[in-house]
Amino acid sequence: MGFSSALQSRAAHEALIVRQDAELRLMETMKRSIQMKAKCDKEYAISLTAVAQQGLKIDRADEMQGSLISKSWRSYMDELDHQAKQFKFNAEQLEVVCDKFTHLSQDKRKARKAYQEEHAKIAARLNHLTDEVVRKKSEYQKHLEGYKALRTRFEENYIKAPSRSGRKLDDVRDKYQKACRKLHLTHNEYVLSITEAIEVEKDFRNVLLPGLLEHQQSVQESFILLWRNILQEAAQYGDLTADKYKEIQKRIDTVIGNINPTEEYGEFTEKYNYVSRTSPTTPLLFQFDETLIQDIPGKLQSSTLTVDNLTVDWLRNRLQELEGAVRDCQEKQLKMIEHVNGGSPVANGSIISNGSNTSNGIQSNKDSLCRQSKDLNALRCQEKQKQKLVDMIKCALNEVGCEELPSGCDDDLTLEQNFIENGYNNEQQISLSTNRPLYEEEWFHGVLPREEVVRLLNNDGDFLVRETIRNEESQIVLSVCWNGHKHFIVQTTGEGNFRFEGPPFASIQELIMHQYHSELPVTVKSGAILRRPVCRERWELSNDDVVLLERIGRGNFGDVYKAKLKSTKLDVAVKTCRMTLPDEQKRKFLQEGRILKQYDHPNIVKLIGICVQKQPIMIVMELVLGGSLLTYLRKNSNGLTTRQQMGMCRDAAAGMRYLESKNCIHRDLAARNCLVDLEHSVKISDFGMSREEEEYIVSDGMKQIPVKWTAPEALNFGKYTSLCDVWSYGILMWEIFSKGDTPYSGMTNSRARERIDTGYRMPTPKSTPEEMYRLMLQCWAADAESRPHFDEIYNVVDALILRLDNSH
Ligand code: ADP
């Protein structure tokens, strides 16, 4: 069934027009989507090129000469570049396809118009004749009535007139004859027009309309054919399984396949063998330095263990430990051999293969055998080393035999001296025996997090007491360094007394004193003995020492207050940490304090202390009166001079230079995280994201990254170095000169990122000195290694300021 037979009705004709409109719209939609696809493929091609370029930034120095893995990688990256080019080419072809769509839809529009006109034309002829027939018929009726009336009149006159003649009768007859003639003519015309109409209608239905529709069908079908061809072309340019891609993939597979572990180091080893003729490493000589003991008469002898009343327990403990370690090594070796042999230990310790047969299986089996025999060797060495120490101690103890142990010290004076030297001064011993509230004890560290505690306890016997909140209940914990770190929760008896495994005491202080003075282990299992209380450090302040005055800001973890230190009346800034935050967050909060503690620089905000005696935990810092730099810039945008702005840049550079020299990466440098004092001096603050490493790779996802301040390599690969801080410093300069504008304003984070990746950089803010803008651009170099270090930045800004000052 075709158009010609099925679509003759008026309704079908109109439906056909509507259908063509819908097709035109569909065509438009397709064209737009393909345009978008071309754009997106082009962008992908650009990113892929960037990937290949990044991948090619490999060390070309001699070290990797002859390396197959490095060569394969280079070829791999070249192939990625080819792939990018292919993508670009295909995207351009897709644009051509879009043009074809434009032409097709133009042609289709023309065809639709032609069809409509042709249909109207043939229908018009039929309509015209239909009207004619109606008109002729009504004429016919009119003449028929006139004829009938005149005929009646003529008959009446004819009957009445006796002679069938006379003037009146003649007149009537004449009129009747005329009417008769008219009627007959009209009749004939009506007959002719009906006949013509019948013919035209027949032709319309049988010839013209079917012809038009048939033609129309063929026109539309040829459009569909073209349409299909265009779509095929579009699909072809998006075909990722096309031969071109397959070839590239094949080449990539081949170059990676070329990596050959056994050949990888061939050239390298040959070169070194040739260049340096490396011989096996010369043995290092370890010797007891005799000069150490030359002033000590008798007691201590070179390379010999000293056994006396001071050391015997220690030696016995050590012996036990070492014997344990030897047993450990032996057990591990046995287990390893059993594991490798599928459960059957082999007498001589050799390892039998039980690997699979696939090529990878063989390789990994070989690797794992190799690794296991290496591990086994390491264990054997360890066992031998420890055994040697065991033998040495045993021998020394045996030599003493049942004799009374020699006294290690001759008099009490030396003993006291030792205490002082080791930091156990008498005062501490006394402080331990006073009975003040627990939180006032010097060795009570409040809610100091466990990591901090562990950092404070370094030698066996070091201990402190702290508080921990578990399930909203406070628990007091005794932390001791004893073969690692042990933490004991103070148990409460039904009567409200306190104990570990020994007797109960009315207060925690008494319990701790008992443990300390009795020198009994806290628990039998741990054997931990309390030897030296570790007191709060200078920066561990008491919460009660701080009086909060007014809120001056809001931080991520809680409010920031202006406060006063009771002891010194010093005005300070205090960051508080909301009590409801989970422990993990509290640790993060204190991270800033831990980092700041070590720094002392006029352009780095100073830490005064942390308060962890009780909740809320707080960080106490120097009060910087101007508050946040960002707010300051915005508020004082009219009053700031170029000289002042440059001074701010120099301060920030000085602070950052200091941090860089300490291997500290700030990771969140921005105007909002700097403070400014009343002399416009800028101090770097907010070390919540900082890391003390030369390079820091983010592994836990990129939550809450300040995208517009962060360097591309950190965003793309999570790789942070001080050069990333340099990038942020460039943005900070921009903020200073734009007086607190938002960078990349009007762009979303992802848009800004996209544009930066394709080379966009912010224009210079109004009235920024040219050299300063040049410096910003250097800080924003895509290649991190091309950015200046803070030392250089500081020198440039300092020189510019000097020049400015001299010119006035
Ligand atoms: P967080 O690190 O928790 O985000 P911020 O360091 O950003 O907290 O501090 C929030 C606000 O508190 C700052 O914008 C600033 O206004 C104020 N502030 C913080 N530290 C000080 C300080 N040492 N002196 C003066 N104001 C400060």
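Positions of Cβ are set from backbone N, Cα and C atoms, glycine also.
Quick look at what TrEMBL lists:
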type: DOMAIN; residues: 1-264; note: domain 'F-BAR'
type: DOMAIN; residues: 443-534; note: domain 'SH2'
type: DOMAIN; residues: 546-801; note: domain 'Protein kinase'
type: BINDING; residues: Ile552, Gly553, Arg554, Gly555, Asn556, Phe557, Gly558, Asp559, Val560, Lys575; note: ATP binding site
type: ACT_SITE; residues: Asp668; note: active site, proton acceptor
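Locations of recorded TrEMBL features on the structure.
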residue : record                       : contacts (Cβ under 8 Å, 6+ apart)
Ile552  : ATP binding site             : Val560, Tyr561, Lys562, Ala573, Gly627
Arg554  : ATP binding site             : Val560
Asn556  : ATP binding site             : Gly688
Gly558  : ATP binding site             : Lys575, Thr576, Cys577, Arg578, Leu581, Pro616
Asp668  : active site, proton acceptor : Asp686, Gly688, Met689, Ser690, Pro706, Trp709, Ser728
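Residues Ile552, Asn556, Val560, taken from the recorded positions Ile552, Asn556, Gly558, Val560, Asp668, are distinguished by a CB atom under 6 angstroms from ligand 1. Helix first, then strand, then coil: DSSP counts for the domain 'SH2' (443-534) stand at 18 helix, 31 strand, 43 coil.
Here the Cβ of Val560 (ATP binding site) has 20 other Cβ atoms within 10 Å, regardless of which shown protein chain they belong to. Averaged across the domain 'SH2' (443-534), the predicted model reaches a pLDDT of 88.
In the three-state DSSP assignment, the secondary structure recorded for Asp668 (active site, proton acceptor) is coil.
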